[in-house]
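There's a structure below that I have some questions on.
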Amino acid sequence: MRYKFKTQEDLVNHLKSVGFVFANSEIYNGLANAWDYGPLGVLLKNNLKNLWWKEFVTKQKNIVGLDSAIILNPLVWKASGHLDNFSDPLIDCKSCKTRYRADKLIESFNKDIHIAENSTNEEFMKVLNDHKIFCPTCKQFNWTDIRHFNLMFKTHQGVIEDPKNIVYLRPETAQGIFVNFKNVQRSMRLHLPFGIAQIGKSFRNEITPGNFIFRTREFEQMEIEFFLKEEIAYDVFDKYLNQIQNWLVTCCGLDLNNLRKHEHPKEELSHYSKKTIDFEYNFLHGFSELYGIAYRTNYDLSVHMNLSKKDLTYFDEETKQKYIPHVIEPSVGVERLLYAILTEATFIEKLANDEDRILMNLKYDLAPYKIAVMPLVNKLKEKAEAVYNKILDLNISVTFDNSGSIGKRYRRQDAIGTIYCITIDYDSFGDEHDPTFTIRERNTMAQKRIKLSELSLYLSQKAHEDFQKQCQK
């Protein structure tokens, strides 16, 4: 019998205790809603980014990569609209001093109330008054006026804090792609349709960050700007919709029952979008946005072309026409997807002997360690280390664990997602050149004795079996 952690706090405490995440600046009482990634978190995060890149870039014939700077010319943000419009409606409860985003306050009261992204302060207040929306914290109806708060982090470039030297930490990675559109297209001799992919840090001075790593002020994005003719935009949109759903389930291990699609009604669409669909995941705090696909039309290239006075059109050699390409944008936050995967994979299992174990059911490609090597007793440590070193040479992510009883070591590895535990015992070295060992599978706890020379084939066969099972679901 398996059951999930009851609260977000329980899950976070487990992840902190085993080295996935730590509270930022913890020895100084932390920094609100900021997190550092520990040794296991780094491995999992890198595995996730590599898995995404492999699926959406490496395996595609018309996608290339880019790594643009975090600090861009401020005119980029002027053209994109971020300087003037990238803000949240801020409201405070006068009674308890709790601060909210007005749109999220309304949404948490009733998700069926649709508020346009560009709603005025007066329109927000009208909804609050009409529905008599009380403060969730103190249950009072005592609001300040709404004011807008720009989400971009402002700093200065150079030694003098002069208004002329103001720059911003990028709030999204997309604009770095758009301003490099022509550079990439020319240098790589690309023909439409093609995409530019990027993984990178973004920064938003969120009014109400929270829910662990779901919404933080510093985060990482994985996204593609796919440039194409307008006529095929909706077909490509649907292609990405299907590909992303399949990848989330098959490669990331998310349960399809915990995913749902939300198409933004017209009044909720961003100013640049003609169509947006979000995959929402059932987090411990409820369904929330996980992975978005937006049809950005030719808005971004058009505004940059207008302000920069540079030609960002594409010349179609077949039709002999010049036009501004349209764009489909699939985008996901690394931390948000990481949180969904950890929520899905981590649970408590009641065993036949009435003992509980924490099990992190991560996919093979995501697991921080594929194998843990363990000597049965400490006097076999040296021989176990020899096997460990040989597995390292196979380019497999492996850890060495010789602390505590063998049962405790199994439980420890189960709780961090290690796929296999290899135990070196007294029968392991009948053949010094090709030692044998028991290999224990995480989910089933089934054990089998194999030779070191058989390990690569064994892992390949197990991976194929797991893939076949997934395809049959």
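Quick reminder: no glycine exception, Cβ is built from N, Cα and C everywhere.
Swiss-Prot lists these features:
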- ARG101, GLU172, PHE219, GLU220, GLN221, MET222, GLU223, GLU329, PRO330, SER331, VAL332, GLY333: substrate binding site (BINDING)
- 204-206, 214-219, 289-290, 333-336: ATP binding site (BINDING)
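Thinking about packing and proximity, how do these listed features fit into the structure?
GLN221 (substrate binding site) falls within a strand segment according to DSSP. Counting only same-chain residues six or more apart in sequence, the Cβ atoms lying under 8 angstroms from the Cβ of GLN221 (substrate binding site) belong to GLU172, THR173, GLN198, ILE199, GLY200, LYS201, SER202, SER331, VAL332, GLY333, VAL334.
Residue environment of VAL334 (ATP binding site) contains 20 other Cβ atoms, counted within 10 Å of its Cβ in all protein chains.
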Tell me the Cα distance separating GLU223 (substrate binding site) from ARG215 (ATP binding site), rounded to the nearest angstrom.
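Between the alpha carbons of ARG215 (ATP binding site) and GLU223 (substrate binding site) there are 17 Å.
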If we check Cα distances from ARG217 (ATP binding site), which of the binding-site residues ARG101, GLU223, PRO330 wins as closest?
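Out of the listed candidates, the nearest Cα belongs to ARG101.
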Could you measure between ARG204 (ATP binding site) and PHE219 (substrate binding site) for me? Cα positions, answer in whole angstrom.
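Distance (Cα to Cα, whole Å): 8 Å.
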To see if you understand the setup: which same-chain residues, six or more apart in sequence, place their Cβ under 8 Å from that of GLU206 (ATP binding site)?
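For GLU206 (ATP binding site), the qualifying residues are ASP88, LEU151, ARG215, THR216, ARG217.
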Roughly how many Å separate the Cα of LEU290 (ATP binding site) from that of PRO330 (substrate binding site), to the nearest whole number?
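Rounded to a whole number, the Cα-Cα distance is 11 Å.
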Does DSSP put ARG215 (ATP binding site) in a helix, in a strand, or in coil?
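Note: ARG215 (ATP binding site) is in a strand by DSSP.
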